[in-house]
Amino acid sequence: MSSPNNQPLSCSLRQLSISPTAPPGDVGTPGSLLSLSSSSSSNTDSSGSSLGSLSLNSNSSGSDNDSKVSSPSREIPSDPPLPRAVPTVRLGRSTSSRSRNSLNLDMKDPSEKPRRSLPTAAGQNNIGSPPTPPGPFPGGLSTDIQEKLKAFHASRSKSMPEVVNKISSPTTPIVGMGQRGSYPLPNSQLAGRLSNSPVKSPNMPESGLAKSLAAARNPLLNRPTSFNRQTRIRRAPPGKLDLSNSNPTSPVSPSSMASRRGLNIPPTLKQAVSETPFSTFSDILDAKSGTLNFKNKAVLNSEGVNFSSGSSFRINMSEIIKLEELGKGNYGVVYKALHQPTGVTMALKEIRLSLEEATFNQIIMELDILHKAVSPYIVDFYGAFFVEGSVFICMEYMDAGSMDKLYAGGIKDEGVLARTAYAVVQGLKTLKEEHNIIHRDVKPTNVLVNSNGQVKLCDFGVSGNLVASISKTNIGCQSYMAPERIRVGGPTNGVLTYTVQADVWSLGLTILEMALGAYPYPPESYTSIFAQLSAICDGDPPSLPDSFSPEARDFVNKCLNKNPSLRPDYHELANHPWLLKYQNADVDMASWAKGALKEKGEKRS
């Protein structure tokens with residue numbers, strides 16, 4: 001391989017430079033001379049070619065003396081020239097040279113490779129950072145034109161809002177708005193641009209750019225403000241939540257997440273977030289202290305109950321031992337229990353709290369009635385307490401149970417029926433005359449008997465069957481409601497749909513069921529529950545068989561009169577001839593109760 005002047009050609013890979021005497025675009029063009037000179041014979045291979053040094057000269061003279069060029073300098077000039085495109089130089093080799101040692105620059109030491117040199121900002125280390133972007137005026141513009149453009153750019157910068165001036169400079173384009181090929185910013189500059197407190201110019205209105213930047217930093221600014229109140233209400237979450245501007249914002253705790261983000265949360269929003277199902281009953285239920293506070297009524301805790309009347313009952317779960325389950329009602333379970341300090345056997349009724357207003361109303365109603373209504377015809381009240389989400393009511397234990405467990409085959413003894421009817425009438429009379437209370441749930445399961453022959457009322461329209469047997473709880477079609485309660489509508493013949501007379505109807509059905517030993521409207525006699533209710537409302541009322549005395553039949557017939565205004569009240573019933581007849585008669589209620597218990601036990605065995 002030789003030069004045009006037939007001079008030996010040698011290559012040096014340690015020195016490579018391009019002479020600046022001609023423009024970069026002239027390299028390799030016709031008229032330019034590529035000369036290679038040998039500087040050492042020690043690197044000559046067997047074919048005589050030298051790979052010692054390589055130099056490129058763009059002089060058109062072709063002199064061998066011009067082939068020596070100094071190595072490229074690594075120093076950064078104080079005023080670097082504008083970057084220009086560096087041409088790619090391809091060295092052609094003959095077939096013979098390619099068959100020998102290949103000229104591979106990648107096999108050399110990295111420090112010996114030629115590098116592209118770019119201007120670096122003063123005082124900035126570009127190691128490990130992206131390349132510095134070119135200036136805002138690329139191209140081969142003359143110095144005076146560049147100065148004019150810089151002055152124009154500076155004048156425009158002064159007139160722009162300060163928020164834009166803070167994030168722009170003559171050498172750094174704005175992110176998202178600069179020229180193509182803009183480079184990432186250093187972390188310090190990026191942090192400054194993403195400040196949460198954009199600065200507004202005091203003299204100039206906020207520009208669209210500043211608004212868009214502020215909206216991007218704070219998403220709350222993106223909310224529309226032009227919709228009316230009705231639109232705002234429709235978009236608001238359900239519940240008592242008003243996000244109108246009239247609502248004042250409450251201060252936020254400095255340590256809260258909202259405070260660190262610079263947000264003010266309306267108090268209604270805080271209430272909606274923190275609200276739980278128990279919040280609705282926060283005026284009654286205090287979960288921290290474990291207290292139920294029925295205002296102006298009673299306060300329950302784990303140690304007992306205090307009534308507003310001044311009565312207090314101290315009792316707790318640690319003093320009670322559950323013996324057996326007696327039955328289940330609509331809202332709880334009844335246990336036979338032993339009070340250890342006194343040795344008294346009692347009925348313990350557990351009512352599990354549910355987040356319904358009706359449950360709380362029923363609990364306080366029963367507690368209020370039990371502790372006020374002191375009567376030999378109403379079960380005694382021993383106390384109550386609240387623990388582990390349940391209300392426990394302690395009351396008198398009636399060992400013979402409810403009447404529905406004792407009338408098997410029907411009660412043929414009119415004396416037992418009359419004494420039972422008298423006790424129920426006296427209990428209902430006490431509730432109405434002394435406490436203005438209507439029982440609303442008179443039926444055999446709520447009439448209790450003990451082995452001494454005493455008959456007492458329980459379950460005052462609160463929890464359904466107090467000691468209903470488990471087998472009886474499945475009978476949901478039996479209704480003791482008066483026809484006026486079943487009918488849909490308002491008053492009937494000028495009389496309200498529910499009065500004392502409704503309990504009188506229920507009393508008549510109860511006495512009739514005890515005498516017959518079965519419910520007077522047997523479900524198996526009707527095709528559906530609707531047919532059964534229709535018979536109660538529109539059919540002839542049932543009555544006692546002719547085998548019973550006329551007084552007994554008259555008593556039941558008056559109670560079951562379809563016209564509530566023609567039914568007797570409690571005073572008339574208490575003085576009915578049938579009841580008066582057996583008031584002074586010798587009726588052994590204790591023997592009957594014991595015999596019924598014995599018969600029930602034999603049936604169980």
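Heads up, the Cβ atoms here are built off N, Cα and C, so glycines get one too.
Copied over from Swiss-Prot, here are the features:
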- 1-20: compositional bias 'Polar residues' (COMPBIAS)
- 1-141: region 'Disordered' (REGION)
- 31-73: compositional bias 'Low complexity' (COMPBIAS)
- 90-105: compositional bias 'Low complexity' (COMPBIAS)
- 106-115: compositional bias 'Basic and acidic residues' (COMPBIAS)
- S168: phosphoserine (MOD_RES)
- 188-200: compositional bias 'Polar residues' (COMPBIAS)
- 188-263: region 'Disordered' (REGION)
- 244-256: compositional bias 'Low complexity' (COMPBIAS)
- S253: phosphoserine (MOD_RES)
- 320-579: domain 'Protein kinase' (DOMAIN)
- L326, G327, K328, G329, N330, Y331, G332, V333, V334, K349: ATP binding site (BINDING)
- D441: active site, proton acceptor (ACT_SITE)
- S469: phosphoserine (MOD_RES)
- T473: phosphothreonine (MOD_RES)
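The two recorded residues, V334 (ATP binding site) and the residue listed as 'active site, proton acceptor', have Cα atoms 18 Å apart. Classification of G332 (ATP binding site) by DSSP places it within a strand. Residue environment of L326 (ATP binding site) contains 22 other Cβ atoms, counted within 10 Å of its Cβ in all protein chains. On the backbone, the CA of D441 (active site, proton acceptor) and the CA of G332 (ATP binding site) stand 16 Å apart. Counting every protein chain shown, the Cβ of K328 (ATP binding site) has 18 other Cβ atoms within 10 Å.
In the three-state DSSP scheme, the residue listed as 'active site, proton acceptor' falls into the coil class. The local packing around V334 (ATP binding site), expressed as other Cβ atoms within 10 Å of its Cβ over all shown chains, amounts to 24. Cβ neighbour count for the residue listed as 'active site, proton acceptor': 22 (other Cβ atoms within 10 Å of its Cβ, all protein chains included).
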